[in-house]
Amino acid sequence: MASGHTTAASVRGPRFAGAGRRGALLLALLLAAAAALLPVAEPSCPRDNSVVKDINKMHQSNYGIGGFSHITVAGALAHGMKEVEVWLQTISAGQRTPIHRHSCEEVFVVLKGRGTLLLGSTSLPYPGTPQEIPVFQNSTFTVPVNDPHQVWNSDEHEDLQVLVIISRPPVKIFLYEDWSMPHTAAKLKFPFVWDEDCLDAPKDEL
């Protein structure tokens, strides 16, 4: 028999449904608030075309190279540079960069410390025994296009910090295992480690 009275079940059902929706909304808000408080990983290839930048806030990494630190101060991929690129690099005491060459001009300014530029030959089929050229704070030196070279922090106590300017970015680097490795066997690494997050696909030209 029909009744005009509303049953308790019919009242409780919608109330529970409304409470469930409010609970889900509250949970979502709490999760969003918690996520906002978590530290955000700095992108390794931040796109920044601002005129003034703070070097202290730029991405810095060793990119898997022991005793080494790199910051792209002004780059082609991250900052839109067309003709040159600027790096700030620090090499720990006793450490070396890989032996390498690249088809661009390179200028170094030594900001701190002292070390040795090792410069190989391009007239032989392989780099050969390199010249050892001392470098020191407030000195500057250049590396000719395609000359195999290595920067060594030959100081046992102090970091070597250099500002590096290259032409024709992004850089395409050929790596040598040692000074006797033929030029034709050097391995192309492009994009190089600090450009990998910015440029996934290699270019056709070398």
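Each Cβ is built from the backbone N, Cα and C atoms, and glycine gets one as well.
All TrEMBL annotations are machine predictions without curation.
Look at TrEMBL and you will find H100, H102, E106, H149 tagged as Zn(2+) binding site. Here TrEMBL flags C45-C198 as disulfide bond. The N-linked glycosylation site annotation in TrEMBL covers N138. According to TrEMBL, the feature signal peptide maps to 1-43.
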Between H149 (Zn(2+) binding site) and C198 (disulfide bond), what C-alpha distance do you get in Å?
26
Using Cα coordinates, what distance in whole Å links H100 (Zn(2+) binding site) and C198 (disulfide bond)?
22
What whole-number Å value do you get for the CA-CA distance of N138 (N-linked glycosylation site) and H102 (Zn(2+) binding site)?
25
Excluding H100, H102, E106, H149 themselves, which residues in that chain have a Cβ inside 8 Å of the centre of the Cβ atoms defining the Zn(2+) site?
R101, V143, D147, P148, I173
C198 (disulfide bond) and E106 (Zn(2+) binding site), distance between Cα atoms, whole Å:
21
For the C-alpha pair, I'd like the distance in angstrom between C198 (disulfide bond) and H102 (Zn(2+) binding site), rounded off.
19
Which of H100, H102, H149, the listed binding-site residues, has fewest other Cβ atoms within 10 Å:
H100
What's the number of neighbouring CB atoms sitting within 10 A of the CB on C198 (disulfide bond)?
18
